[in-house]
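The structure under discussion appears below in the form of structure tokens.
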Amino acid sequence: MVQLLDLPDELLCMVSDYLDDECTISVLLQVSRRFYLVLSPTLYRFNVRVSFGDALAWAAAKGNETTARYALEAGASPTIPASNDRLPMATASLLGHEAVVRLLLDRGVDPNRPSQIKGQSQGPPGAVDHYESSPISMAASGGHENIVRLLLEHGAAPDVRCWVHEEPDQVSPLSLAVERGRLSIVKLLVSLGCDIHFLGPHGEGLLADAASNGHLEVVRFLLETSPLSDPPREGILALYEAARCGHSEIAELLLEHGVIPTPGVGAGRRGPLGPLVVAALRENYAVAEQLRKYMELNSFIVHGQPDDDAHRHLLLVSTACGWKELMGKLMAEGCSLKFPQDDDAHWGVHEKHPVRGASPERHWQDLTHLALAAHRGRHEIVELLLNFPQFPQDLLSENDPNSKSYPLLLATDGGHRQIVSTLLNHLCPHQRFDNMATIIYRATYAPDVLQVLLEHGTHHQLYAKDQEAIFANALRTGNLATVEMLKETFTFKNFSHERPRTKLFIEAAAIAGPQMVRYLLRSGLPVMAESDEVEKALVTILSRSDTESLRLLFDRKLVGRLVVNGCGRREDRRCLLAHVDSPGENWGAADATLDMLIEHRVRLDGGNRPPLCDLIKRESVMTAVLLLRRGADPLRDKDRIEGGNDETPLERAARHGNKQLVRAMLDTVEWQDVDLHRLFSVLHKAYGTANFNVQPLLRRFIWRKRYQHL
């Protein structure tokens, strides 16, 4: 019999022409060096014909000049974009692959041809933004000066303008180099005469763009190259961006170059106080102190009316930064505690510790100077406001409970113990707050603040359900001192498993880890075996592969029949094995967790629902592989016990296109003693619904099994 290696080249080429996927052709040409030399052109021609020449796109991305040359010789077009809509020239330029760029230029590719690229939309969900980028823009953005020079040598325009969102002239090579901080390329393009006064998509100049992105040396070069106008509006805009982003060195450099806001000189609607306001608003206090050092704030105080928006902004800045002397002077001059009325009045504070399940709230509508100072930890300002003769005392009256409680709420959220104590001493001690539960809830993250609140008796305003929710959150934080403090304070006299809040205890402890689980189980608080609370805790523990907490539940016999029934809603219960995961990719812990479950008689087949199918659905590949190594059957029907014909794990993995998992399942099947008729039935069903990525794997396995059977 003639061996494959003895076939002449012509027959080898004929054989390769009958192969219908690149993987198979690639395997064949790797048999020997002769096969590689003979069949490589066939592989690249197949790629051009079937895969639209994506080998060229791959070569451009990886910098493989040899692959790029073979693809071009096989007929791949350098003008066909890849799946990301980027032309090979643009990809190679962005990633700095000079050899591929030079090859494409030698093949006559236009260095000025842009790529039309789809990007993530800033608009409604599902919308797509389009933008255009030339090779030299991509090279400048990537910081590859050698590519920029190469493209310029071949006729690339140095100041070509591209568009974004279908608006022209929004980006240029120089603007992209400035945005990314590519100083050498910035110097090169400026020396070639590129427009240094180019305005970006939002009307901001290059100086503001460099300041916003924190590129100190680029800012220095632009300041030395192009003198600022008088008044320096462009410089103030750059100063605003530096203050907004907290770049203190850039702010210092701009101030040293004379970019100092004065009354009447601003940048658009931001006004002359814009940099100072945004620095205080963003809590960039180092920049705020720099600005205060250079700016003549007294000139702002005497300029205009004592209670106009500029003075109100300055009062807010003083409140946020803790400038007691300046604040007292403004209030003495007649500046009120009202907020500015202009469109830029976006003062507010974000909660640091929101109620569980809720998004962090941004308080601004009911914000007061007192609340702002409390949240920023400005104790001297809080005392100044509380003791100032003209302070509106109605903020502390019973008629306005929201404004009365917000300072206490925000001081607690910020963890400022001294301010909390001061506020409690000034507030009416017998006034009941509707949101006292929320205040104490946030105090669970700051034990010293919680201690002050409890010493003032605020917990007497809580309902039983509030106490339970607060105690659950304390367990969730994992702070043993906080938990002990609350357990000694709260009575839980009416503790009942019928109330939903009580079910949070073991679940909250499971979130914190084994220390809290152990504490709760020893605390004497009731935890019912096989209950919903244990079920939720079990899901949390398994999803983290927390073997220590899992052992505690088994030792206390709390899991019970959940090893058989699984966890989840009644209509969607899953085997315990299907919940195992390791977010930190500690697969040793996942291994130990699976072993512990199997040791406690959790079935690998999961009863009527194979855990493999659930793991594939939530893309937990490694856990599925670990189950396969323990003997899980990838050919088992979901309802095989009842004679059903549901999807097998292998079919589901093939449909999802997970090559790693399909390969692991086929390796498992390879050594199983399986009825061939059933095996081929499952394989053909899997192949019929498989993602194209895994079809070659299945096809080769089917051929091999048929050959072995023959």
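Glycine residues also receive a Cβ, built from the backbone N, Cα and C atoms like all the rest.
TrEMBL: automatically predicted annotations, no manual curation.
The feature domain 'F-box' is assigned by TrEMBL to 1-47. Per TrEMBL, the feature repeat 'ANK' maps to 84-116, 131-163, 169-201, 234-259.
Same-chain residues lying 6 or more positions outside the repeat 'ANK' (84-116) and placing a CB less than 8 Å from one of its CB atoms are 56-57, 59-65, 68-69, 72, 78, 130, 132-136, 138-139, 141-144, 146-147, 150-151, 154-157, 160, 162. In the predicted model, residues of the repeat 'ANK' (131-163) average a pLDDT of 88.
Same-chain residues lying 6 or more positions outside the repeat 'ANK' (169-201) and placing a CB less than 8 Å from one of its CB atoms are 131, 133-134, 136-137, 139-143, 145, 148-149, 152, 158-163, 209-210, 213-215, 217-218, 221-222, 225-226. Nonlocal intrachain contacts for the repeat 'ANK' (131-163), taken as residues 6+ away from its ends with a CB within less than 8 angstroms of a stretch CB, comprise 87, 89-96, 98, 101-102, 105, 111-117, 119, 169-174, 176-177, 179-180, 182, 184-185, 188-189, 192-195.
Across the repeat 'ANK' (84-116), the DSSP tally of helix, strand and coil residues reads 17 helix, 2 strand, 14 coil.
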